[in-house]
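Read through the structure below, which is laid out as structure tokens, and then see the notes.
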Amino acid sequence: MNFSGIIKLNKRAYCVLFLLAVVFVYLQFFKAATSENVSLFYMLEVAIHAAQAGGSLVVSTRNNLKIHSKGKTAEGKDDSVTSADYFSHCAMLGIITRALPQVTLISEENGINCEKESAAQTYNQPLNLQFDYPAAYVEASDVTIWIDPLDATVEYTEKLYQYVTTMVCVAVNGKPIIGVIHQPFNESTSWAVVGFGHSANLNEKVHGTDSNLPKIIISRSHSGTIEQTLK
């Protein structure tokens, strides 16, 4: 009997399996070498830092504003943007991209050349906050950070400063995991991390005049049809 054909086939099979094993090991090594893990609480610290830095500029530039219109909202109201939006955007963008260059960043404002804005270089020092939670890490490539450099722009131009905030949201694989809301005019920062905890100020209870009545908060600029629906 002639077994040479069978022996030759087996050698090929071994070669193929060997090559597949080499490719598999290489891909695993390449993935480990190129992927980076990032701490949730480091991202929280960066988010707080960015929100507070942007808020500081929102406060400091309130009396020297340049106001532009981006068009109309769906409700037909002016969709305004101010120089404070841009300064805050550049500060927040600068902080986050320097601290977390490997994540995706999306801002409410875009198309701004921040290299011309001195605000982007204003805040460089980390806060060095301490969080009493166990370490938690995610892959940086799975992270998207959303920022709103100045929420309630219309109210800001009307000097209704109690409504003004700067905000950061950190999403992992599209799911919000970290939220930071900073109120610059009363220097209050609230944050939460899903599955871990939140800032102490969120423990405070708000006492209404009648706890049996529902409380509904709606946007003045983007209310849609909610007012008519409630009536």
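Just so you know, glycine gets a Cβ as well, placed from its N, Cα and C.
Quick caveat, the model's predicted, so the values are computed rather than measured.
According to TrEMBL, the features are:
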BINDING   Glu108, Asp148, Leu150, Asp151  Mg(2+) binding site
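Cβ neighbours within 10 Å of Asp151 (Mg(2+) binding site), excluding its own Cβ and spanning all shown chains: 18. Each of the binding-site residues Glu108, Asp148 was scored by the number of other CB atoms within 10 Å of its CB, and the largest score is that of Asp148. According to its DSSP assignment, Glu108 (Mg(2+) binding site) is coil.
Within 8 Å of the centroid of the Cβ atoms of Glu108, Asp148, Leu150, Asp151, where the record puts Mg(2+), the same chain has further Cβ atoms from Asp85, Ser88, Glu109, Ile147, Pro149, Ala152, Thr153, Thr165, Thr166, Met167.
When other Cβ atoms within 10 Å of the Cβ of Leu150 (Mg(2+) binding site) are tallied across all protein chains shown, the result is 26. In three-state terms derived from DSSP, Leu150 (Mg(2+) binding site) belongs to an extended strand segment.
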